[in-house]
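What follows is a single structure, written as structure tokens, with notes after it.
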Amino acid sequence: MDPLLEMRRITKTFPGVKALDDVSLSVREGEIHAICGENGAGKSTLMKVLSGVYPHGSYDGEIVYDGQSAAFSGIRDSEDRGIIIIHQELALVPLLTIAENIFLGNERAARGVIDWPRTFRETEGLLAKVGLREAPGTRVGSLGVGKQQLVEIAKALSKNVRLLILDEPTAALSEGDSQALLDLLLELKAQGVTSIIISHKLNEVRRIADSVTVIRDGATISTIDARGGDLTEDRIVRDMVGRSMENRFPDRERRAGEVVFELRDWNVWHPEQRDRQMIRDLSMTVRAGEVVGIAGLMGAGRTELAMSIFGRSYGRNIGGQVLMHGRPADVSTVDRAIAAGLAYVTEDRKTLGLILEETIRRNTVLANLDAVSRRGVVDEGRETEVAEKYRHAMRIRTPSVFQKVMNLSGGNQQKVVLSKWLFTQPDLLILDEPTRGIDVGAKYEIYSLINELSAAGKAVIMISSEMPELLGMCDRIHVMNQGSFVGELAAAEASPQAIMSLIVRE
Amino acid sequence: MTQTDSARGAGIGIGAYIARHIREYGLLFALIAIMVFFQVVTGGTLLRPVNITNLFLQNSYIIIMALGMLLVIVGGNIDLSVGSVMGFVGALAAVMIVSMKLPVGVAMVACLVCGAAIGAVQGYFVAYWKIPSFIVTLAGMLVFRGLSLWLLAGQSIGPFPQSFQALSNGFIPDLFMVGRPNVLAMAVGVAAVMVLLWLGLRGRARNARYGMEDEPMGLFLLRNAIVAAALLFVTWKLAWFRGLPNVLLSMVVLTVVYVFITERTTIGRRVYAVGGNAKAAKLSGIRTERLTFLTFVNMGVLAALAGMIYAARLNTATPKAGFAVELDVIAAVFIGGASMAGGSGRIVGAVVGAFIMGVMNNGMSILGIGIDYQQVIKGLVLLAAVVFDVYNKNKEA
């Protein structure tokens, strides 16, 4: 049978980065095709090329859809041809009803006047198809995530979908909801809908996929056909992570001292969805001079863990105990957490780490303003000296500390965030994706800085989605999945395969 | 691009420096231009001693509230209730002093405490309940407008005893006993110029020590010469009327205090940080809610002070006092360069902005321009100032 979709030799370049390099993908009519790959491998970029988010002409290569060459200039074009993409972050309006959401932008109307009876009638039909027993007039915001996902699929069906793309559809769903969704996909398949599903959960992939394409570092590694019988999780894992490990990490003398930080039975619930537990009975220790990694995929709860420890900046109903140097520590607010010796370097430096409109100098001292002040009056000379000291120590490339941080490169911005936290003289540094979005040279410098910190006896927790980085930098690695640690590995004996296997076998 | 700019740092030319700080210089230039314009078209009435004195008396309460409003706006909020609060506290002062015959000092302290309490209630809802300040203070605006009507029973209450009137209409006696010209006023003018120059030079020395970029010397001298000339001119004129008004003194002292708070203290820094990026500030250990709360308490106290000054000036408390004044106050802050999004804006800008509004009000009244056209013109000036701001920001990016 001819393929419904063929993407041939797709190459997509962003300034300075080749996101996709000669990727090919072939999807047969009526199958469920899974795409697997690590974070940042290029899966989402590929789907954005397909759906026209990146319009024709902004990439190289060819898309053949339904026997014709396709040149989508926007998402509207691809939807007209029956290609519907459902993103990980659902695009529903919570305050509107199910019916309104399904026909949003596609209203059942005559001359601008909405035909409500028809809208509701058709909605009921669609809801029956996806197996959602809710009244069409129900507000979407009152539904759980699983049901919202079904509304999204109903919406896709209303547009006469031929090729349905789902980006991590089960990442935020409970076990029961996930099963129901997978069953629905199989049913749609029986009705002739072709699906592409991006997923990290290999057990789910194995259950429903007819074939799997593995993408790594922006290139197609393999396409595996389930009918051939070699669709095993081991095979997929090997293809996902099998990259060569170069010597991209500075050496460090590993010498662990006393236990600095200890977390006992930590539990955290989602701030809005009251019945959703984000962190479950988690315990860990970090010694002085030790770098402990936390591996896991997006949504595993790593950032939530870090922020809930750091002054309860995330979640509710937080339970458990934090000990610093063996004594219980009060980390109930951010300023108390800082006083207890904690520092948290956020993964999102622009929204959570920096005041972009302000200078390097002011950002550097922000978390420890009292250290450069006397009786509430800032000593600007002292402030400048501190900022200059860190500018040199961190090798921030800028003519002066009076530059606004928004004019700095990503790597230099990250160094300003690090400066800010080092100036609080922490005992434990939690680094959340410390090298995200910065270039290779700056990464090496950040790694060297981390090594210097651990050599100086700081305890470091490093959260990262880049497995080579964790393997190259850490002493021990906790593997996290769905709010729990599912395994602990000594970095010396860990391998990307070992980590990935722990993640995908929940 | 900005990086290469400051690489040249100190050697930068005057033109380029002005271009980069066009907002600050533009504001000063606009004030001068507006004053010159009205001086000419009013045939010299604008800068007559009695009118200069009036300018201060008429605008003092707006300037005082603009100081608090700047902090509220820098913190990322807005306060629409200040006009009503001001009217309410004026009425409260009248009831306590005129009707209940309480001692003036006691009543004044009670009024300030009342203002703080009003600010605390509104700040509580904004900071801890996360209710948008626009809504909370819109409610406050209605509530306190209604309460002042109720307090005054729809009547005006007055007159006030001399000691209370002095808050607004009093003048500082000439310590040198000359009377006219008032030697104290002139001496204060000279002293102020010297202090400004000394502070300016000291700041330059400090900036040079830390390698901070600074305005070119020529520009520094020119700007200070203009400011000094204006100061000496104003104090000289005042000296030929009745000397320094009390209210000018409170205004100047408050302005200096708030400049210091915003630019030199940790609490000022933190307010800017909260307005610039509340999430990042919170994750840096700043107690953002408490700061927001405090900006509203501060606003309430200043609105109370403004209410008393206004009542003292009219020598009566009327139900209409403070009506729509919040708009003038907010306009002054935005003309002065603060950003609606929070995180930026300066006290000096807000004060100059208030003077721009004040001079326009005063000049147009002298010319006998109707209140209808006055509103239109003020509205257009506000829009022009903000458009100018946005235009410059886009050009920079």
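Here the Cβ of each residue, glycine as well, is placed from N, Cα and C on the backbone.
Look at TrEMBL and you will find B:25-46 (among others) tagged as transmembrane segment. Within the same chain, residues 18, 223, 226, 335-337, 349, 352-353, 355-356, 359-360, 362-363, 366-367, 385, 388 sit at least 6 positions outside the transmembrane segment (B:25-46) and bring their C-beta atoms closer than 8 Å to a C-beta of that stretch.
The transmembrane segment feature in TrEMBL is assigned to B:52-73 (among others).
Residues annotated as transmembrane segment in TrEMBL: B:80-100 (among others).
Per TrEMBL, transmembrane segment is recorded for B:106-127 (among others).
Among the features that TrEMBL reports, transmembrane segment is placed at B:134-153 (among others). Proximity of distant same-chain residues to the transmembrane segment (B:134-153), defined by a Cβ-Cβ separation under 8 Å and at least 6 residues beyond the stretch ends, is recorded for 78-81, 83-85, 87-88, 90-92, 94-95, 118, 122, 125-126, 317-319, 321-323, 326.
If you look up TrEMBL, you'll see B:183-201 (among others) marked as transmembrane segment. Distant neighbours of the transmembrane segment (B:183-201): 172-176, 220, 224, 227-228, 231-232, 234-236, 238-239, 243-244; these residues of the same chain sit at least 6 beyond its ends, with a Cβ under 8 Å from one of its Cβ atoms.
Under the heading transmembrane segment, TrEMBL lists B:221-238 (among others).
Sequence annotations record features per position, and here TrEMBL assigns transmembrane segment to B:244-261 (among others).
Long-range contacts of the transmembrane segment (B:291-311) within the same chain: residues 60-62, 64-65, 67-69, 71-72, 75-77, 79, 81-82, 85-94, 108, 111-112, 114-120, 122-124, 126-128, 133, 160, 164, 167-168, 247, 250, 254, 267, 270-271, 274, 317, 321-322, each at least 6 residues beyond the stretch ends and with a Cβ under 8 Å from a Cβ of the stretch. What TrEMBL records for B:291-311 (among others) is transmembrane segment.
Positions annotated as transmembrane segment by TrEMBL: B:348-369 (among others).
Count of Cβ pairs under 8 Å against the transmembrane segment (B:348-369): among B:80-100, B:106-127, B:244-261, the largest is for B:244-261. Within its own chain, the transmembrane segment (B:244-261) is flanked in space by residues 53, 56-57, 60, 63-64, 67, 70-71, 166-172, 182, 184-185, 188, 235, 238, 267-268, 302, 305, 309, 313, 347-348, 351, which lie at least six positions past its ends and keep a Cβ under 8 Å from the stretch.
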